[in-house]
Ligand code: MD3
Ligand code: FE
């Protein structure tokens, strides 16, 4: 799977998204596979689009090894349209947020973690709800469905050099999503 991710990254180089309005850069670098990819910049905000924001090329297809995980664990008839690749180098984190840029929340979200371990925080559907923290280790797969699909979540920190899988990349998270209604 990692070899397929590396091949995709060669075709669709990681870019650094920006916060809407402020233009503040994310600490996480990203790229995407599949017909639609998630991007964000100061003027356009959070959105899905069919092409890479820097190269203008279509995103590479979602690798088979990744699709196989979705088909095994997502209790959903259709394949995902977006595979967001999140790359966590030293000090990268992701603040508490909901995933709600998709047209449908009926499909689950499936997340695959590779490389360094991360402290993951999961709350409820309101920002004020209490949260619980878990470790996400290389090879861990999460399926978020039902009420959990709209739960607040984030990555507080990544433990450097805690995995030998891909020292050059640190932590890689693959998030599979359905964007449109089938
Ligand atoms: C809980 N990524 O890309 S994956 C994201 O590790 C994102 O890179 C994190 O949150 C990461 O949006 C967390 C686990 C995850 C993914 C989607 C969820 C947890 C979720 C959607 C709803 C609730
Ligand atoms: Fe998220």
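Just so you know, glycine gets a Cβ as well, placed from its N, Cα and C.
Positions annotated as substrate binding site by TrEMBL: 38, 46, 47, 48, 101, 127. Sequence annotations record features per position, and here TrEMBL assigns 2-oxoglutarate binding site to 86, 87, 88, 171, 172, 173, 174, 175, 176, 177. If you look up TrEMBL, you'll see 97, 99, 153 marked as Fe cation binding site. Here TrEMBL flags 79-180 as domain 'Fe2OG dioxygenase'.
Taken in sequence order, the binding-site residues 99, 101, 174, 176 that lie near ligand 2, meaning a CB under 6 Å from one of its atoms, are 99.
Separating the Cα atoms of residue 88 (2-oxoglutarate binding site) and residue 153 (Fe cation binding site) is a whole-number distance of 16 Å.
Less than 6 Å separates the Cβ from ligand 1 in the case of 86, drawn from the binding-site residues 46, 48, 86, 97, 176 in sequence order.
Residue with the densest Cβ environment among the binding-site residues 172, 176: 176, by other Cβ atoms within 10 Å.
By a simple count of nearby Cβ atoms, those within 10 Å, the most crowded of the binding-site residues 99, 101 is 99. The DSSP secondary structure for residue 88 (2-oxoglutarate binding site) is strand. Residues near residue 47 (substrate binding site) in space but far in sequence (CB under 8 A, at least 6 apart, same chain), listed by position: 38, 39, 40, 101. For the Fe cation site, the Cβ centre of 97, 99, 153 serves as reference, and the other residues of the chain with Cβ at most 8 Å from it are 94, 96, 98, 151, 152, 154. Mean pLDDT of the predicted structure over the domain 'Fe2OG dioxygenase' (79-180): 98. Listed binding-site residues near residue 127 (substrate binding site): 97 (candidates 97, 172, 176; Cα-Cα distance within 10 Å). According to DSSP, residue 99 (Fe cation binding site) is assigned to coil rather than to any helix or strand. Taken residue by residue, the domain 'Fe2OG dioxygenase' (79-180) breaks down under DSSP into 5 helix, 45 strand, 52 coil. Counting other CB atoms no more than 10 Å from each candidate's CB, the binding-site residues 97, 127, 153 peak at 153.
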